[in-house]
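Asker: Provided herewith is a single structure, encoded as structure tokens, for subsequent inquiry.
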Amino acid sequence: MLRVIKEALTFDDVLLVPAHSTVLPNTADLSTQLTKTIRLNIPMLSAAMDTVTETKLAISLAQEGGIGFIHKNMSIERQAERVRKVKKFESGIVSDPVTVSPTLSLAELSELVKKNGFASFPVVDDEKNLVGIITGRDTRFVTDLNKTVADFMTPKARLVTVKRNASRDEIFGLMHTHRVEKVLVVSDDFKLKGMITLKDYQKSEQKPQACKDEFGRLRVGAAVGAGPGNEERIDALVKAGVDVLLIDSSHGHSEGVLQRVRETRAKYPDLPIVAGNVATAEGAIALADAGASAVKVGIGPGSICTTRIVTGVGVPQITAIADAAEALKDRGIPVIADGGIRFSGDISKAIAAGASCVMVGSMFAGTEEAPGEIELYQGRAFKSYRGMGSLGAMSKGSSDRYFQSDNAADKLVPEGIEGRIPYKGFLKEIIHQQMGGLRSCMGLTGCATIDELRTKAQFVRISGAGIQESHVHDVTITKEAPNYRMG
């Protein structure tokens, strides 16, 4: 006798039912909880994949209101450095600015500029006393690189400084009066406490929806594995200032993953931890009991994932989301829908099934900010995109996600493929279209907030003919829409 538990559904099996509405799409509130302590301004996360999320994409997504998760297919130092770059990209106050010594040569300063990507540094002596500041303008036309920072810096007597509690108007007034773009934050004894830049204020005004921490810095997440040896990686990421840690595995309902969550929670009781992936209520409860702040759902729905075909295991995504959300609804632990999102309507369906936000890979792969070079094939531009269970990704470090870290390279059993995806342009345009579709859904269903969509919206099950009718049919597309591409 077959032990069939129940029937399970995915995105193309259902549609949301329109309802009476007083909600206009442009008034819908897209903010949602990632964890109890982290609120997103849009319900979107980027996947921790080596062809999706590194520094550039994490910065761009945070500026739009979401969070990117830096992948782990790199050294500990490199991953921590990428987290630091996101945290330093935009700040209300840079609380720990990179400083230089007055005796540093301009040649060494030039290397520091190349490494960090910016050219302004407070200058401190051996006792950490603030003695000046040096900027790119100070050294722009200098040819003798053997000279030192002290020869060209703005000295202490001419520094523009404020105390930590200075108002925005006071800071802007000083910048205008002295025609400077950097103001240093100092203590009563003139110790350096931070730096404020005009560029950061301008970025804040241009991106008011940005997802930021309490210090005005962009938020960023990072992924780690569950296997032995990840303790050092976790410590380095926490030290780098990561906002949320992702303990990532293809099977989150396994003892090794649960133990990693328990150990991390014991060591860092206040650290937001996302754990996954699971596809059942039991798996979600186990991760929550272990100490997860949010649970990631999805086994095999991704476009580049072959887990369900290779192993025969998985649960269609709508049912998996609904089961996990129902199991955790009284605990206040959010569910993240990871995988299978092709259209903005799928985002709406995932949230209506109970997810607080979605994690996407293929939707963001191929953007300007995604890692990798643009490749031309038959006259069209592409970027590479591969699953973390592909042979290429596993050989670079993701094999532990699939419990194969002890396998030799020629003995790996892949659960994903390597491919290419059309070049899509800038991330902000993709997000605009996807969130526009979500807003329209909220207007059609009468849901003013993400929480209302999660709890009020109703589904109907549809047939194969229903999904065929839903797509474009009986016509040849002559001009592609930015939010609708088949294949």
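Even glycines carry a Cβ here, placed using N, Cα and C.
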Asker: Please identify which of GLU282, GLU326, GLU415 is recorded by Swiss-Prot as part of the IMP site containing SER303, ASP338, GLY339, GLY340, GLY361, SER362, TYR385, ARG386, GLY387, MET388, GLY389.
Answerer: GLU415
Asker: Round to the nearest Å and give the CA-to-CA distance linking GLY387 (IMP binding site) with GLY302 (K(+) binding site).
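Answerer: Distance (Cα to Cα, whole Å): 8 Å.
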Asker: State the Cα to Cα distance, in Å, between HIS471 (K(+) binding site) and SER249 (NAD(+) binding site), rounded to an integer.
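Answerer: Here the two Cα atoms lie 34 Å apart.
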Asker: If you draw a 10 Å sphere on the Cβ of GLY339 (IMP binding site), how many other Cβ atoms land inside?
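Answerer: Neighbour count, Cβ to Cβ under the 10 Å cut-off: 25.
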Asker: Near GLY302 (K(+) binding site), which recorded positions out of ASP248, SER250, GLY339, GLY361, ARG401 have their CA within 10 Å?
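Answerer: Checking each Cα against GLY302 (K(+) binding site), the hits are GLY339, GLY361.
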Asker: Taking the Cα of ARG401 (active site, proton acceptor) as the centre, which of the binding-site residues listed as ILE299, GLY361, GLY389 lie within 10 Å of it?
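Answerer: Close binding-site residues: GLY389.
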